[in-house]
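Since the structure comes first, as structure tokens, the remarks are kept for the end.
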């Protein structure tokens, strides 16, 4: 019978061994970074919305669905004048910061993709660190049962005397930059595929996928136009943000599957 200590030592030596090829190690790190962006983007909206509705984690009471994802920076359950306690602020800022870091660290296929991803990461950090405005003063008065003189509302757009807040500007620039990444660089890896059948397939996929963000956001607007508030309620901005973030994640999911299934990435290492 093999001594347990001997087994433990052998296991440690095995898992601590250097990779046979440094390229494989680099490739695995690259893949993990890309999948992290996909996963973080997919979980952000439902964590905030459904987590709030079900009082998950550190919320003492349910949190109503907010009018935007950004509103979760300030929102509290709304009882005992907690409208500004920011119950999910750490979650909102933390996940956006993590995605931002991934975008900046990730090395693009060429200089254009590299710069666009870097800018997108910086803009997303702006969304996280420049807060949106507080709820309307009258709403706070109703929640807290105080007078309007008791509040000095924070208006983010007045921080630097700009027509819009840095938060809103950062969000718009992030979505525009990510759309540019999708539209301008989607075919860069597809061109490197050697198998003609695979190449034609992924060309067809990304001719559609490169427009995912405007398509998803357009669908939200169409639903609102034809159904009013019967389906999406008053949370139009929230659904637009949700659609934008998920289209970003879905694009990177498809890109990851394409690169892994065709072996294109292995040719670079």
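Every residue, even glycine, has its Cβ placed from backbone N, Cα and C.
Quantities reported herein were computed from a predicted structural model and do not represent experimental measurements.
Under the heading transmembrane segment, TrEMBL lists 37-59 (among others).
Taking Cβ pairs closer than 8 Å, the transmembrane segment (91-109) reaches residues 30, 33-34, 36-37, 40-41, 43-44, 47-48, 51, 57, 69-70, 72-73, 115-118, 120-122, 124-125, 127-129, 185, 188-189 in its own chain, all 6 or more past its ends. If you look up TrEMBL, you'll see 91-109 (among others) marked as transmembrane segment.
According to TrEMBL, the transmembrane segment annotation covers 116-134 (among others). Panel annotation: around the transmembrane segment (116-134), residues 68, 70-71, 73-74, 84, 92-93, 96-97, 99-104, 106, 108, 140, 153-157, 159, 165-171, 173-174, 177-178, 180-181, 184-185 of the same chain, lying at least six beyond its termini, place a Cβ under 8 Å from a Cβ of the stretch.
The transmembrane segment feature in TrEMBL is assigned to 164-184 (among others).
According to TrEMBL, the feature transmembrane segment maps to 205-224 (among others). Same-chain residues lying 6+ beyond the ends of the transmembrane segment (205-224) with a Cβ under 8 Å from its Cβ atoms: 175, 178-179, 182-183, 186-187, 190, 231-232, 236, 239-240, 243-244, 246-248, 250-251, 254-255, 258.
Residues or ranges marked as transmembrane segment in TrEMBL: 236-254 (among others).
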*Which bits of the chain, at least 6 residues beyond where the transmembrane segment (236-254) starts or stops, bring a Cβ under 8 A of a Cβ in it?*
34, 37-39, 41-42, 44-45, 49, 65-71, 171, 175, 178, 182, 186, 205-206, 209-210, 212-213, 215-217, 219-221, 224
